[in-house]
Each structure stands twice: as C-alpha cells, then as structure tokens.
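J.: The following feature annotations were taken from Swiss-Prot:
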SITE      Arg15  site 'Transition state stabilizer'
SITE      Lys22  site 'Transition state stabilizer'
SITE      Arg151  site 'Positions MEP for the nucleophilic attack'
SITE      Lys205  site 'Positions MEP for the nucleophilic attack'
Amino acid sequence: MNRHVIIVAGGKGLRMGGDIPKQFLPVGGKPVLMRTIEAFYAFDSSMHIILVLPVSQQAYWKDLCETYHFALRHDIADGGETRFHSVKNGLAYVKGEGLVGVHDGVRPFVSREVIAGCYEAAQTKQAVIPVIDVVETVRHLTKPGSETVPRNDYKLVQTPQVFEVQLLKEAYQQEYTDAFTDDASVVEAMGREVCLVQGNRENIKLTTPFDLKIAEVLI
C-alpha cells in the first residue's frame, strides 16, 4: 500500500521570539525540519514526503538543504492561509490510493513505533490519530471561575494523523471553518469516527524557547 506524509511547516515561530521560523532552527546542529523528514524516511525510505512551506520560505529552505547537504527526496507544496488550506495544497500532490499522514513539521521526535502504529491501524480503521495521557490536573474555565474535570476523560493529541487517501481528500472538500483545528476534526465533521492509538511523550511540538531546551536533551 502506498504511503504518503504531508509535513506542514508554515509557522512563523513568533512565540520563539526570533526572526528565524521555528522549523528552521537548529537542534543538535541540524534544522528541526530536516530531523522531522528523517524520522519518516527512517521508517520507510520509499514513503512519498510532501513538505508544505510558505512560498516566501521556500528559497531559504533550498539554501539550507545545500548548506547541510540534505538530499532526502521530497516534494514542496505552497503553504496556504491557514493550516487547513496548507494541508489541502499538500493533498494535491497525493495521487492514487493508499494512506496519507499529516504531521507537524516541528515534531521531530515522533518515534518509529508511533509512525508504524498509525499507518498500520489506518489500513483497517481509515482514520487514526496518536494520543497520550493527560498527567496534570485539568481545570475547565467557567463564567463564575473554574472547576476541576476528570483528566482520564481527556487525551492530548499528536501527529502524524493518518487516513485513507480518498477519505481525507473528500473531507478537505468541505468549506473551511475555524472549528477545524486538526485533520481529525475535518474528518469528524463528515460524521466519520477516528481511532486513537498510543503516541510517544517525546513527540513534543517545538513552540517555545523552553521546548528547544528540551529538544537538545532529547537528541
């Protein structure tokens, strides 16, 4: 079965507090985005990798690839106005049947086991997302104040989120709404169920300077 992955890297990295978008920042001497691509290539060297980048960042990425002698094969799609539109642009590069994952470009520490688990489960479940347990106490904000909620009723969602190709393409024909916070929410809007599989806690989304410090430890 053909495997594809759309790696979305359209963030400006404003919470990092610097001028360089977070997906290009070095971790362990190599840009984050290269490590993310390598994680999927290590799982399946024949996987079709589609990188979604804003047009304004594509020349910079190509320069980085030359500087770091990064030659892993991948297509580049144009980033859109929102994540939804970026994924939709990436889907245009996916041909035929098979499975397609969507992964955050700034999650370089996804494990081989999680990638394998998502794609394997999607062969029968068609829509799969990795999750991890909530370990902190969770409070729900209300008009009077806040209240504790049972944390066992909640999960933290990660990527890659993996789907049967035609299912995800059909889902992305829907009109965009701001309720679409990830790919699972787009598929669920059609009334389809999403299967949960175990993620890995190291699969953090690098968003803040503190996250980069954690990343250096994880290398």
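Backbone N, Cα and C atoms are what each Cβ position is placed from, and that goes for glycine too.
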J.: Hey, how far is Arg151 (site 'Positions MEP for the nucleophilic attack') from Lys205 (site 'Positions MEP for the nucleophilic attack'), Cα to Cα, in Å?
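T.: About 21 Å separate the Cα atoms of these two residues.
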J.: Give the distance between the Cα atoms of Lys22 (site 'Transition state stabilizer') and Lys205 (site 'Positions MEP for the nucleophilic attack'), rounded to the nearest whole Å.
T.: 10
J.: Among the recorded sites Lys22, Arg151, Lys205, point out the residue whose Cβ has the most other Cβ atoms within 10 Å, with all shown protein chains included in the count.
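T.: Answer returned by the neighbour count: Lys22.
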J.: Kindly assign Lys205 (site 'Positions MEP for the nucleophilic attack') to one of the three DSSP-derived states: helix, strand or coil.
T.: coil
